Every structure is written in structure tokens, then in C-alpha cells.
Amino acid sequence: MAPFPDEVDLFTGPHWRMKQLVGRYCEKLSNTNFSNNNDLLALLQSLYETFKEFKMHEQIENEYIIGLLQQRSHTVYNVHSDNKLSEMLVLFEKGMKNVKNEYKQLNYVQQLKERLEAFTSDFLPHMKEEEEVFQPMLMEYFTYDEMKDIKKKVIAQHCSQKDTTELLRGLSLWNKAEELQKVLKYSVDEKAERNSKTQKSSSSISSLPPEVMLNIFTYLNPQDLCRCSQVNTEWAQLAKTGSLWRHLYPVLWARGDWYSGSHAYLDNEPDEDWISRRKDESRAYQEWDEDADIDESEETGEEEDSSISMAQREKELLNSLVHYILPYVGHSVKTLVLAYSSATSSKVIRQMLEYCPNLEHLDLTQTDISDSAFNGWHFGACQTLHHIDLSGCDKITDLTLEKLSVALGIPSAHKKRLLKCYRNNRTLKDIRNQMRCSSLAQITGESTIYSDAFWANSDRSQDYTSPPIWILDSGNPGDIEDAADWKFRTTDGLCVLEMAPSVTCFSNGCCSRARPGRWTNVGWQEHCKAATVSYCGHTLCGNTLRTIHTLPEASALCNIGTRTLHSDITDCFPGSAKSDQQAARALQFLSLSGCHQITDHGLRALTIGGGLPKLEHLNLSGCLNVTGSGLQDLVATCPSLNDEHFYYCDNISGPHGATASGCQNLQCGFRMCCRSGE
């Protein structure tokens with residue numbers, strides 16, 4: 001146990017003195033000629049003085065330490081009731097006063113030796129108990145300043161019982177108490193080794209500057225870093241530097257693979273053998289964990305024991321990460337891979353995600369987690385997340401996607417919802433309070449978007465109050481009278497316009513029906529054919545259907561920036577120094593393969609707050625409860641989606657049916673598929 005600070009350590013100094021006295025009388029006992037009455041008398045006088053000091057020490061402890069502790073803790077009692085100091089003093093007095101014949105003297109000497117041996121065997125453990133049990137209790141029940149005051153009184157009382165020489169000697173001993181305690185605790189070899197480490201020389205590694213040591217630490221794996229942190233305080237601080245813990249792979253580490261580099265260099269497709277072993281480990285561990293009353297004498301197979309042991313090792317490693325490492329380095333973690341974990345749980349994942357707000361790559365493939373794993377995700381909690389793999393997490397539901405959408409935040413283009421607060425002269429504090437909502441629909445004002453009636457309505461644009469944006473050919477922008485009410489900028493031969501609020505035809509009539517970006521070309525044309533539109537006469541309105549065919553690639557539209565009438569409203573989001581357009585909703589990879597409880601509701605939750613403008617990879621294989629309508633609504637807000645990396649069930653008639661890659665779970669033995677068993 002580590003020593004306590006010297007100024008509040010109540011036992012080490014006095015106990016060192018007591019141990020020194022024990023050593024002295026043991027030495028005298030072995031060197032005394034008991035057949036010589038003078039030698040025996042000198043020994044008894046020395047023992048009498050020694051035990052009087054023991055008695056004085058006991059009284060000081062009772063009055064200034066144990067007595068105070070008993071006032072605050074009722075669990076402390078009878079501490080010094082059985083040390084037999086008084087009986088020993090009576091024994092010494094009897095030996096000094098009575099004149100004995102030779103026979104009685106031999107019996108007395110034998111009794112003296114036995115009683116001293118018994119006392120010594122009890123007294124030394126008693127002092128150790130006080131140091132290891134009562135000192136921590138005192139630190140718990142008394143403040144630091146109270147402990148310092150008690151220490152001063154204890155020292156003063158011990159010194160008051162000695163003459164000037166003893167006083168000076170005692171002060172010197174107590175000042176060196178901590179080092180002397182170490183001398184008693186460790187062997188001669190350990191002491192020599194410790195002293196050699198503390199002696200600094202010009203060639204010692206401890207003389208290197210921290211920058212050089214940190215550079216050396218970058219070549220160490222996580223296991224070596226943990227060992228280095230136990231060397232001394234300086235190394236412990238360096239080992240907790242965030243840059244050394246950017247990539248975490250606990251599942252690999254628990255199995256002896258201490259890789260800690262970028263995930264790009266890992267094989268993302270483990271073989272079936274590896275997956276099968278992880279499944280066996282998980283199953284064996286769950287069966288063992290569920291039966292807490294299992295008979296230890298019951299024989300289990302060697303392979304099952306190995307699986308349980310491996311899962312237990314993984315669980316211990318995860319707990320150590322959560323309690324001892326992530327609180328210090330969590331903000332620097334970019335990669336967290338727990339794919340095929342045997343022992344992880346929703347609670348552990350939730351704690352890890354709370355400590356790691358700047359994650360970019362999260363892989364929870366085939367883990368036994370539920371929606372509660374993401375309870376810690378508040379608004380904007382993972383704006384930097386680029387990659388999330390939830391393949392095989394068959395317990396998650398639409399609630400997880402709602403939380404993910406909330407945590408991804410809102411890009412600057414969608415913060416126009418705050419203009420309502422701005423126009424009502426609401427304070428910045430009111431806006432910030434709204435940002436703390438757990439529902440992105442509440443933050444953006446799109447609370448009706450979770451309603452099935454909303455998505456069943458063909459004219460969805462009427463429920464969105466932000467000014468519409470129109471895209472048309474810059475070679476024919478429209479009438480000059482109309483252009484007076486427009487604000488536009490040219491990008492790649494296109495005009496991107498936003499209409500001023502004064503143009504009322506954009507809040508009702510034909511103009512309000514056009515919502516490029518929420519409708520595909522085909523969907524928009526079908527809607528216009530079916531809707532009864534009373535045209536207002538604007539050239540722009542008449543050109544809408546014509547110019548919709550000239551839209552550029554989705555990636556070009558994503559990079560076009562527009563400014564509204566109040567676009568320089570104060571940014572109320574954390575990290576406002578950097579562009580939200582770049583920071584928020586940066587997700588590029590989303591895999592929900594085998595998550596069969598996901599429905600259209602969850603997919604549509606991802607469309608709120610700006611959709612997923614940078615999403616390139618979307619895997620919905622085995623999501624049996626989604627429909628073509630839900631897929632269409634999500635894809636419409638994912639302009640960067642690559643058809644080659646777009647997977648969904650072959651039985652669903654959805655978007656990009658001719659070019660999408662279909663279902664990946666066909667003939668898969670461990671993930672949901674509607675054709676399982678074929």
C-alpha cells in the first residue's frame with residue numbers, strides 16, 4: 001500500500017520508534033547472561049523503561065487518535081484492550097524486587113522469555129494493522145487540516161515525555177520516517193535496486209526531455225504504455241497523452257494482438273473461423289454469467305473453460321479502459337472497434353461513447369447491445385462521426401437511429417429554423433436551451449416528421465416553413481422584374497436562388513410545391529402531374545419543370561453555399577469556430593445489416609436536420625421491415641450515395657433498383673435474411 005503524505009501520517013514515525021525498541025530488547029535478550037544477577041537486573045530495568053514508553057505511546061494513541069476516531073465511527077472499539085502491557089510491567093517489577101534462589105530464577109527466566117516472545121508476536125502485527133486499517137479510516141473521517149493538527153499534537157506528546165536529547169532525536173527520526181518504513185518493508189536487494197533507480201546520471205533515460213520520451217512512447221503498444229505508467233509519476237502522465245490512444249481495439253488486445261494503428265490497415269473481413277470462435281466465446285460466457293450459482297465442482301469442457309476465460313479477460317480489459325484510461329484520453333480517441341466482442345454490454349458502450357465525443361470510426365459489428373447503449377448521445381455529440389457499423393446488432397430499433405440523427409447535429413444550412421426565435425426577439429440563452437433537446441425534431445421544429453400521416457401526404461413541402469431554394473440554368477435566369485426579388489450566386493453554370501419572404505406566392509400556390517433535394521426527378525414529375533397547380537406567372541415557376549432536368553451531380557449541389565436574410569445569426573452550437581457545414585452530419589458509412597427491427601420510421605429520422613449529405617455507403621441487408629417508400633425518403637437526402645455500396649433486400653421495390661447491390665446476407669448463417677434457409 002502506498003504511504004500517505006508525511007504531514008498527515010500519524011503512525012509511521014512513532015511506530016518506527018516502537019519497532020526500534022523491540023529490536024533493542026530482542027538483541028539484549030539474546031546477549032544477556034541470565035546466570036549473572038547483575039546482567040539480569042540490568043535487562044529487567046531496560047525492559048521496564050522500554051515498556052513504560054510502550055504504555056505512554058498507547059495512552060497517546062488512545063487519547064489523540066483512537067478516541068477521536070471512535071467519536072466519528074462506531075465500528076472502532078477495544079483497540080488496546082488486549083496488549084497486556086500492564087501485565088508485562090508487573091512481571092518486570094516482580095523480577096527486580098524479589099530475591100530468588102537459583103531454581104526460581106531459572107523458572108522466572110523461562111517465563112520471561114516466553115512472555116516476551118508472545119508479546120512481540122502480537123505487538124508488531126498490531127502496529128501494522130493500525131497503519132493499514134486505521135490510517136485510511138482517519139483520512140476518510142477527518143479533513144486534511146484536521147489530520148495535520150492531530151499529527152502535531154501526537155508528536156508534541158511523544159516529545160514531551162523525553163529529555164532534550166530524546167526530543168531532538170525524535171524529531172529527526174520522524175522526519176525520516178517514510179524512508180525508514182521502506183527500509184523495514186523491503187529486502188536488502190530491493191532497497192539496493194530502488195536506490196540505483198533514484199540516482200540520476202547524465203546517461204539515464206530519466207534525463208531525457210518529455211518531448212523525446214513522448215516520441216519514444218509512440219512506438220509502444222497499449223500493454224507497454226500501461227507498464228510504463230507504473231514506473232513513476234512523470235511516465236504515468238506521459239502514458240496518458242491523448243495522441244497515444246487514438247485507435248482502440250479492445251477485442252484484439254484481449255487476445256494478445258496489441259495493434260493500435262489506423263483501422264485502414266486492418267482486415268475488415270475476418271474469416272468464418274474467427275467469427276465462429278467469437279460466437280462460441282460469447283455463448284459460453286453468457287451461459288456462465290447467467291448462472292451465478294453454478295457448482296464450481298461441476299466439470300466443464302476444456303474448450304468451454306478457455307472461451308469463458310477469454311471473455312472474462314476481455315471484460316476486465318473493457319472495465320479497465322472505462323475506469324482508468326478513457327477519463328484521461330477519451331477526447332482524443334478517433335477509432336473504437338468492438339466488432340464481435342464476447343463480453344461487451346450496452347452499459348459499457350454507453351460509458352465509452354460519453355468519454356469519446358470526437359469519434360470518427362465506430363464498429364460494433366455483431367455485439368449484444370440494445371438502444372440503451374446510445375443513451376449518452378445528446379444533440380451534436382458525434383458530429384465528427386464518419387463511419388458506424390451496427391451489422392448484426394439485432395436488438396437495436398428505430399430509437400437508435402433517432403439518437404444517431406440527434407447526435408450528428410445540424411449543418412449550417414438547416415439552422416434557419418432558429419430564425420423564428422430570432423424574429424420573436426428570443427435571447428441567445430433561449431436558443432441554447434432549445435439545442436439541449438434530445439429530439440432533433442423538436443430542435444428543428446419538424447416534430448410532425450415522425451407522423452405516418454406526414455409521409456403519406458404527397459404534398460410534403462407544405463410542412464416545411466424555410467424559404468425554398470431553386471436551381472436553374474444561369475443562361476436563362478428569368479424576367480428582370482422577378483430577379484429583383486431573388487438572391488443568387490453562380491456555381492458551375494447554375495444559379496442557386498433563395499426567394500425573399502416578401503414573395504408570397506412561395507408560401508402558397510405553385511411555387512411552394514417545388515422542393516428540389518427532397519424529391520427525385522421522377523417523383524417530382526409524378527407529383528406535378530397529379531397536383532392541381534395555379535401558376536402565379538413567375539418565369540421561375542414556369543421554368544421549374546424544364547430546369548429540373550439540368551441538375552448537376554449530387555456532390556456539386558452539396559458544396560453550394562447559400563446565405564439567407566439572417567444568415568449571420570449567432571451560432572449557438574458547441575465548436576462554432578469551425579464550419580458546421582463541414583462538421584455536422586459528416587457520416588459516410590452506415591451499416592445496419594441484420595438489424596431486422598429497423599423500420600421506415602428509423603430511416604426517416606435520419607432525414608431530419610439535413611439528411612446525410614456525405615453518406616456513400618448504406619447497408620440495409622436483412623432489414624425486413626423497411627419499405628420502398630422509406631428507402632426513397634432516405635435516399636432523397638443522401639446525394640453522395642454510391643449505388644455500388646447501397647444494399648437492401650431483393651424483395652423490396654426501392655430506389656436505384658437496377659444499380660443497387662442488393663442484399664449481402666444471402667446464405668449468411670449469423671445475420672437476418674428473409675431468404676435464410678435457402
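Cβ from N, Cα, C; glycine included.
As written in Swiss-Prot, here are the features:
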- 1-159: region 'Hemerythrin-like' (REGION)
- 202-248: domain 'F-box' (DOMAIN)
- 314-340: repeat 'LRR 1' (REPEAT)
- 341-366: repeat 'LRR 2' (REPEAT)
- 367-392: repeat 'LRR 3' (REPEAT)
- 566-594: repeat 'LRR 5' (REPEAT)
- Cys649, Cys663, Cys673, Cys674: [2Fe-2S] cluster binding site (BINDING)
- 655-678: repeat 'LRR 8' (REPEAT)
Which residue counts does DSSP yield for the domain 'F-box' (202-248) in the helix, strand and coil classes, in that order? 29 helix, 2 strand, 16 coil
Secondary structure tally of the repeat 'LRR 2' (341-366) (DSSP, helix then strand then coil): 10 helix, 3 strand, 13 coil
Cys649 ([2Fe-2S] cluster binding site): tally of other CB atoms within 10 A of its CB: 22
